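Working notes, beginning with the structure itself.
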């Protein structure tokens, strides 16, 4: 496969070659021995939903019993609020505590629209309702909101008011407008929108069936305002596009060059129908595009698109591609023109399940848009590089007075420029990740990545980009990518967090840097998740350093949130290597085995016993040592058919007297080894145990006799002290007690006997009735 070209097709032989490459990769992954390198891909810390609740670092939103499907979030750091779009509802929540004094707007779909939706064969619960898909800040006082309206999208304005302390939060239901080309009809269709300069840019389907997809601009205060969209007549502009994200990004210091970049995936058909595939794209348009004068009227005249590549280079030239873009995140930098672009991709194969994160630079994206165009003679031909004359001004360039005083708007573009852009919207070259390969990948796991947000964190030993990755099973991975020697990258999965009680796909995530919180939405709920939980790593300096979490450092007393400061304080942290020896060498308790838990266990000869040892870190490897009774030396325990090493500890079958001693469970991470558990095992001889049991049995009989005697003595006193209490009454009482005891002792058997007795009685009465009827006749 020619990796330097975007639109070159894959032939059948190339597809077959790629299939063999996939199979070789699968076999390699399946039969790869478990090494320390593979252990690094395991999450170091795995916390369940219950663990997160107990740590008070995960707060579920409890205020919605009727409105679910939380896939639209709008975070307002300035006001300290989170707007949540759900089914038939819009919620106003506090960023500090989701459940504190929240407000809601009930906005259902019209009843007649719900009935029409049902008649069209749509699901009454999952589709025929008003699912909120657009929440965009319109100005300082209003938010623009759109809902699917039971496949009849509507939009309106929510008034928040100017007072930040007392928000109004009211929907203006008297000025609702059509949501077509602004909001999808289908609540489950991928969709992207952004509001800038009071213009709404949306990528969505424009019809009920969802076949016609378009990227549009609407609203605005321009006097000659018209909605602008992609050209529906040209199939190679957009082909079944699924929009993922859209962002305003300035290209230069000149505002006339400002552009809207949008990311999507679409179908690509090359030549014949057998060459259909899914491609991920980045597209762009100029913000000041108003359409053409004689051609492309009310259509984009600056629309261009290029392919995004996310693949693992193969040794034999066949790359492993992750073609389906799932989410995009722009990490801001000091230069607003050059944010870092993070993308989550998945494989299209149903056989091979994999996900990857690829990182792109805006410089590389712009270079592709400034490069050669792709050309296609007809629908049956393939894309090739265009080598002909390129008209002036270069197609895709924004009109600017500084660029050309004669071209003040896109309506001033010459006809040959409009004609060229109409037939050549595709760039020939593709955009590749900055490292030439994925920054992070998950292969051969039971989930796929769905969402991403990234936080740039300053640590003691450098700066790191921490990725929070949502999955389709309701977990969040906290990942840091660390640069090593020779530009090699190390993927470190710090945490795997089960943020929902039951598996559910994560649909949206918003990051609050001010609150240091992550807000995670799914079909089933919304949770507020802390970015860090340093105290869960341990109570020693070594535990804190081994965590390699850029958010956390040892402050001398505990593992706590690291804050960069000019003051010289003893903050111990080693994200790059995770080596406690270099950081905690002067803290004896942190590197000594004296901090290990100590337990005493008794085992019986010839029986089995289990010595539990579960390291907090899943990346640690465990070794066992024994110091036998009367011996000063320790020896390493080697597993055999009698001694079995498991992930949870050591199973010793058929205990022997020589197994007595002190057992040390040592965990190793990187080069650091420390004892986490010390177990003293005492083996009781079998003969001694039998004698003890015999003595206990005899002693138990005496105790029962004494206890029974005490009961009898109480009863005798009761008879003597109560002249009205006869001996017959006492005997009858004792008989009932014994009967009750026997019944409780064998209650299942007793119930069975009672049922049998009832059946016999019923059968007897039935037979008697039949006999009486026969005699009567």
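Placement of Cβ uses the backbone N, Cα and C atoms for every residue, glycine included.
Feature annotations, courtesy of Swiss-Prot:
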COMPBIAS  740-765  compositional bias 'Basic residues'
COMPBIAS  766-777  compositional bias 'Basic and acidic residues'
DOMAIN    44-531  domain 'Sema'
DOMAIN    533-585  domain 'PSI'
DOMAIN    592-680  domain 'Ig-like C2-type'
CARBOHYD  139  N-linked glycosylation site
CARBOHYD  607  N-linked glycosylation site
CARBOHYD  724  N-linked glycosylation site
REGION    740-777  region 'Disordered'
SIGNAL    1-37  signal peptide
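Across the structure, residue 607 (N-linked glycosylation site) and residue 139 (N-linked glycosylation site) are spaced 75 Å apart at their Cα atoms.
Classification of residue 607 (N-linked glycosylation site) by DSSP places it in coil, neither helical nor stranded.
Confidence annotation: the domain 'Ig-like C2-type' (592-680) carries a mean pLDDT of 89 in the model.
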